[in-house]
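Q: My questions all concern the structure below.
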């Protein structure tokens, strides 16, 4: 056991050789390195698998045992200041290490096929391996300085991966936005770290908690300053976990490849956002106001993220806002002091969300054969629908992930979310009402995403790519508040082009196909991808390859069974409680971590009823019951029937506007913050050029002018000098005379 802990420092550095060797290989032997590129994927998976096995071994040893701090080396700046580096192995570290490695392995295996066509394949795996190193280093850190170092490396890797396709202007802007927004939180984190070092004189967690507790209990510290430093520390977590109001980078981050979206939402945002708050819980608990502030930010984010997800057209952005809301639940639980519930939901949500993102990637991958390699088309749920027959494995896996996130038993998120919802009643009835209402919204928007993606008919054959509706019937999620336009009954279907290798588009003749006893006239969507030698033609999407389906199937198992780790029927079965011993729980301080069947069933029936209500509303609005009507037009909502529908239309349009405009937060920042900073910069530039530079420039110009005048006067004649001399004397005498009158 001691030997295992002795070598635990190697955990973050095991994946590091891959990016280093890829970089050296591309620099010294580029052709050979590129030709053996699949080998690097295998090495990435192998090294991360070793880390996973090592982490699991540590986790087993951590059950009912104390945490281990190991000093490695120190960097001595001077006699009074030195930085110590080591690692901390405790239940929190074990949980995060297993989560990062398991999700990371699934994403790497998935990416091997998903990114196989991409010229940046090697670069992607180099970034991913370095990303894993950064996250593992973050969760094993023993002090605030190490956390900050690896925190910045996580931010750098996020920047590189979000902007992976940097030749696309949208992706380049997205990674810049993510970088700048996170810099706000990072600056707050740095100030908070320096503030607590000034108070306690230590960066080490164990010393920091003990010293601060003694200072506060003896009333030897400025409480306002301590609270300010704690808020600054929390600001870093707000930015990294996309909590309100520093969440604006999250939807734009979907411009990166789908596998990295899965890793960011399942592992990174909890490793770099929720983890620091959980790690610093002993510090925050002695500052009651900061706990209230954490729970307030959490409940705002819970509701805000759910409302923004209600009418998204992009499948990945809908899931992104879902992550924002679910991380809000975790932050709410931490703010309430329900440490176990927060970490339980962290685990269950991670695997469910990874399953959903990899499932969405499979859908996007299959849609690209029809609409081309353009995210605005392949990720647009307007063009999806009817995929059940074409991608059945992806459909079933996505359905399981959806039901898990909705809170349907016995799937993973049901067990963890229920604990948070029940604890919220003990903390604040107002917060509880918001949290329970948002649970219904979660079921609604997740079921909506599923229905628009997999049910009905494939809409790419019936809608143009601009998303304009072709009938006077509409849905708030698809067509928004656009005015009704009566379309021509003999409308022409979307024209699909084939891009030849010479880049010239060519039209293909119409052919008649039979779908569900309805004869429709389609243009066969032959597609060939330039430079990849693809000669296959596709009329419908097809299921992904086994390399992509294998991680999805493994994540299905996690989604089905990981929730049983924390079922609190009795203390012997509750593995999670044993794992987290000792655990912080301010709401159940005298609890023995077990509940009776009656209490559990009563709470479960209520939460499941709310989830089913949200699912029912989604089916009522988005189930395409009219899809067999003329032209197989997709109708997801009600038929307009005159003035009675005006009020409901306004509500739908308001919801759509709120979601489409991202809650107007981006517009607010653009109007007041960005525009204000630009005006301040313009004023500063004017003041600097005209005032600061103007004064010395003016003095110089005046001196030059006076010198030129004097120069022109001096002609070398004594009579001229005498004339000017007596003239000036006379002027001064007159001035003196008038002043003494």
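Using the three backbone atoms N, Cα and C, a Cβ is placed for every residue, glycine included.
Heads up, here are the entries from Swiss-Prot:
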type     : residues : note
TRANSMEM : 9-29     : transmembrane segment
TRANSMEM : 40-60    : transmembrane segment
TRANSMEM : 89-109   : transmembrane segment
TRANSMEM : 125-145  : transmembrane segment
TRANSMEM : 147-167  : transmembrane segment
TRANSMEM : 219-239  : transmembrane segment
TRANSMEM : 258-278  : transmembrane segment
TRANSMEM : 284-304  : transmembrane segment
TRANSMEM : 327-347  : transmembrane segment
TRANSMEM : 396-416  : transmembrane segment
TRANSMEM : 425-445  : transmembrane segment
TRANSMEM : 605-625  : transmembrane segment
Q: Give the nonlocal contacts of the transmembrane segment (258-278) in its own chain as ranges (CB under 8 Å, at least six residues past its ends).
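A: Same-chain residues near the transmembrane segment (258-278) but 6 or more away: 92, 96, 99-100, 103-104, 107, 110-111, 114-115, 128, 131, 135, 138-139, 147, 151, 154-155, 158, 161-162, 164, 189, 233-234, 236-243, 284, 294, 316, 319-320, 323, 327, 330-331, 334, 339, 342-343, 346, 349-351, 353-354, 357-358, 360-361, 364.
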Q: Report the listed stretch (40-60, 147-167, 284-304, 396-416, 425-445) having the maximum count of Cβ pairs within less than 8 Å of the transmembrane segment (327-347).
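A: It is 284-304 that shares the most Cβ pairs under 8 Å with the transmembrane segment (327-347).
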Q: Are there residues at least 6 beyond the ends of the transmembrane segment (125-145) whose Cβ is under 8 Å from a Cβ of it, and what are they?
A: 8-9, 11-13, 15-16, 18-19, 22-23, 40-41, 44, 47-48, 51, 69-70, 83-89, 92-93, 96-97, 100-101, 104, 107-108, 111, 151, 153-154, 156-158, 160-161, 164, 193, 196-197, 203-205, 208, 259-260, 263, 267-268, 271-272, 275
Q: So are the transmembrane segment (425-445) and the transmembrane segment (40-60) touching or not, going by 3+ C-beta pairs under 8 A with a sequence gap of 6 or more?
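A: Contact between the transmembrane segment (40-60) and the transmembrane segment (425-445): absent, because fewer than 3 Cβ pairs are under 8 Å.
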Q: List, by number or range, the same-chain residues at least 6 past the transmembrane segment (147-167) whose CB is under 8 A from its CB atoms?
A: 12, 120, 123-124, 127-128, 130-131, 133-135, 137-138, 141, 174-176, 178-179, 182, 186, 189-190, 193, 236, 240, 252-253, 255-257, 260, 264, 268, 271-272, 276, 279
Q: Answer yes if the transmembrane segment (89-109) and the transmembrane segment (40-60) have at least three CB pairs under 8 Å among residue pairs 6 or more apart in sequence, and no otherwise.
A: yes
Q: Using a Cβ-Cβ cut-off of under 8 Å, list the residues of the same chain that are 6+ residues beyond the ends of the transmembrane segment (605-625) and lie near it.
A: 385, 406-409, 414, 417-418, 421, 436, 439-445, 447-448, 451-452, 455-457, 475, 477, 634-637
